[in-house]
Amino acid sequence: MKAQMNIRSLVNRDNNIVQLLVMTVLIFAVMTALSPDKFLRYYNFESITYIFPELGLLSIAMMIAMLTGGIDLSVVGVANLSGILAGVLFHKMAGAAGIADTGILTVLLGGVIALGTGLVAGTVNGLLITRLGITPILATLGTGQVFTGLAIVLTGGPAIVGFPTAWAFLGNGKILGLATPFVLFAAIAALIAFVLSRTALGINLMLIGTNPKAALFAGLKRERMVLYSYMLTGVLASVAGIILSGRTNAAKSDYGTSYLLQAVLIAVLGGTNPAGGRGTVLGITIAVAALMLLSSGFQILRFSNHLIDFIWGAFLLLVIAINAYKNRTR
Amino acid sequence: MALLRRSETVIAGILLLAMVLIGTINPAFWQLDNLFSLMRSNVIIGIMAMGVLLVLISGGIDVSFPAFAVAAMYLTIKGMLALGYNGVVLPLLAATLMGLAFGAVNGFFVYKFRMIPLIVTLGTSAMVRGFLLGIVGTSMININKMPTALIDFARTDVVSVTKADSTTYGLTAMVLIYLGLALAMHLVLRYTMIGRSAYALGGDPEAARRAGFDLRKTIFFIYCVAGALAGFAGLLHSGMIWLANPRDFVGLELDVIAAVVLGGASIFGGRGSVLGTMLGVFMLVMVKNSLIIMRVDTTWQLVVVGLIVIAATALSAWRDRRRAA
């Protein structure tokens, strides 16, 4: 009986992955058919590997928050604040040689500050949710506003332009012919996949999300696990912020505001259950790839950004409807 | 004693305290024209807050109403210009109906697919804004093109006073519309079955269903009313500022949600009152305005509103858990 259940859940999960793959191939085929000369260029795919990681990391962060039935609406704020704090540091430390030649030690310090920002922000979110009992939506809505607000206070509005070369390497360099951010993403995604499926933390999170009451009675340390999950979410968001600021060589309080909707869309599309208990890194990765292909296709077809936002919104509602339909027939 | 324990009394007390404090720091606060302009700033946020209150009472959340408001406003004014129509009642009705139709989409997805309202409203919000800016247009409609009837209507004053330097200022009559809508919402929440069903749904959906409430009707009612109020407020807003900007209301959802939570509505659903919400709206608007009066840099506004949300939700969570214990 139990083995049968296991097999069934495995097939189900793989079904989801297969469906995602089919969808990705379909998108690829349609975009190729619509604009073969522009879409199929090497440059197009290369640029996707540079933009893909930011969104991918934010989506994985969103998925981790959703595992326990929560959500993190502050990810974009955390990402921007991390980049800005590092940028402020570089501008303060920059000597006569200019920002581009900042020493490696300073760059490392900037990295520590950026990641520390994510860790602190995630801890604040986690404590508000577990200790004060605020619902994740409102807690992260509030903190997201505070983080964005602090970013505005720090910069006064305009972007901080100019980052060290070593920092920019993280956003637009190449390792063995592959985009650095892409390599970073692959490493982090593999690590998170391992944490979620093979460590106590990941399994606890899945169990808590599946049935909070049962998890409580089973003696799982719910508060601590949820706190850890939001800390992890915060750090992932700050890595996205590092890559974003490295790639664009700038940091601003309102960069990537449309990423929030896209991260939620990708999380749901990638098979995450927003009510908790289900979500995989593989699903997210394929969903991001599908969405990036779609997005670059739209850009080649000269759709306006507003129109693309419209499509993302419609896509999200469509995915919700399809998921509900699938769950009903099962 | 019972009066003292009501959260409205507590909020009113804090509000008075804050007013005294701000008034001491800057006496200009108590000048009649400042108070009038404060009340004027309450109108739009207040009307939207009535809808958000209803949604929060039912245990949901809505982040799409600013998008609905701006779409209803811009489409209505575009329509008026295209038809050469100049009036007040019909356009307001059209904007309200448009908001209602958008809200029905929220209701449909929340009810039919049992989806978390936040995710649904994120989706509808992006769709409506994307449609408006991507297909309808991005250009502002300025005062020289705005329908005059709408502006004349929105500039009606209840009382007007002439200052020593012969400039006049007054209390806008839009305050009466706000008060009327608030009263109506109060009566609906208190004395009608549909109003009580919103509380029941927020308290415990399963219990509400078993008690015989038709949850489909309730959910549609909640999101339709929230949308309709947003649409109405949107058009009124453009009349009051003599401008129709298709990029308006960005980030307004946080202000309104902050105001409603500040007004004592529970973040877990099932609790909240119109009077408390009105006090919360007044408090939020006052704090934001006072930041300017107290010469705090405007860049701090987001931080302050965010902190208010966190503090108010933390208090609400603490109160509700103590009650449950």
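Note that the numbers count up from 1, one per residue, in the order the chain is shown.
Just so it is clear, glycine is given a Cβ too, placed from its N, Cα and C backbone atoms.
Bear in mind that TrEMBL entries carry predicted annotations, made automatically and left uncurated.
Feature list (source: TrEMBL):
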TRANSMEM  B:9-29  transmembrane segment
TRANSMEM  B:63-83  transmembrane segment
TRANSMEM  B:89-111  transmembrane segment
TRANSMEM  B:118-141  transmembrane segment
TRANSMEM  B:169-189  transmembrane segment
TRANSMEM  B:219-243  transmembrane segment
TRANSMEM  B:249-268  transmembrane segment
TRANSMEM  B:275-294  transmembrane segment
TRANSMEM  B:300-318  transmembrane segment
> What else in the chain is close to the transmembrane segment (B:9-29), if you only count residues 6 or more beyond its ends and a Cβ gap under 8 Å?
Replying inline: 3, 262-264, 276, 279-280, 282-283, 286-287, 290, 293-294
> Mind checking which residues reach the transmembrane segment (B:219-243)? Cβ under 8 Å, same chain, six or more beyond either end.
Replying inline: 40, 43-44, 47-48, 50-52, 54-55, 58, 60, 62, 64-66, 68-73, 76-77, 91-92, 95-104, 106-108, 110-111, 140-143, 146, 150-151, 153-155, 172, 174, 177, 181, 194, 198, 201, 249
> Counting Cβ pairs under 8 Å that are 6 or more apart in sequence, does the total for the transmembrane segment (B:63-83) and the transmembrane segment (B:249-268) reach three or more?
Replying inline: yes
>> At a threshold of under 8 Å on Cβ distances, which of B:169-189, B:249-268, B:275-294 pairs most often with the transmembrane segment (B:300-318)?
In response: B:249-268
>> Below 8 angstroms Cβ to Cβ, which residues of this chain, lying six or more residues outside the transmembrane segment (B:169-189), approach it?
In response: 32-33, 36-37, 39-40, 42-43, 46-47, 50, 53-54, 57, 154-161, 163, 195-196, 198-199, 229, 236, 240, 273-275, 277-278
